[in-house]
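Chemist: What Swiss-Prot lists as domain 'ERV/ALR sulfhydryl oxidase' is 1-95, and the listing cites sequence analysis. As annotated by Swiss-Prot, topological domain 'Intravirion' applies to 1-8, with the evidence given as sequence analysis. Per Swiss-Prot, transmembrane segment is recorded for 9-25. Feature annotation from Swiss-Prot assigns topological domain 'Virion surface' to 26-95; the stated evidence is sequence analysis. Annotated disulfide bond per Swiss-Prot: Cys43-Cys46, in sequence order.
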Amino acid sequence: MNPKHWGRAAWTIIFIVLSQAGLDGNIEACKRKLYTIVSTLPCPACRRHATIAIEDNNIMSSNDLNYIYYFFIRLFNNLASDPKYAIDVSKVKPL
């Protein structure tokens, strides 16, 4: 399934989940939700790529919400189909 059809919605949900964790402080619930989202992406290649990136960066064992947040920003920027969609990290405030 082509990420052009569902990618923006998936990224929006990912960043909403991260923002909610910034408000309620429940990092473990946030990580579970993020892993569920990533492990159920409709594109098998996207699912594999994101899961490997999460494992390689020890996201599930981190208790630092901002580490997780900036990881997903970097992942988004690496996958952005057009540089104009990239998030300027210098303008992002920590959660």
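The backbone N, Cα and C atoms fix where each Cβ goes, and this holds for glycine too.
Provide an account of the burial state, proximal residues and distances for the features listed.
Modeler: Note on the topological domain 'Intravirion' (1-8): residues 42-43, 46, 81 of its chain, located 6 or more positions outside it, place their CB under 8 angstroms from a CB of the stretch.
Beyond the ends of the transmembrane segment (9-25), by six or more residues, the same chain brings 3, 33-34, 37, 41, 65, 68-69, 72, 76, 95 to within a C-beta distance below 8 angstroms of the stretch.
As a whole-number mean, the pLDDT of the topological domain 'Virion surface' (26-95) in this prediction is 95.
Applying an 8 A CB threshold to same-chain residues 6+ apart, the list for Cys43 (disulfide bond) reads Met1, Asn2, Pro3.
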Chemist: Per DSSP, Cys46 (disulfide bond) is which: helix, strand or coil?
Modeler: helix
Chemist: Any same-chain residues 6+ apart from Cys46 (disulfide bond) with CB under 8 Å of its CB? Would you list them in sequence order, or say none?
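Modeler: Within the chain, Cys46 (disulfide bond) has Cβ neighbours under 8 Å at Pro3.
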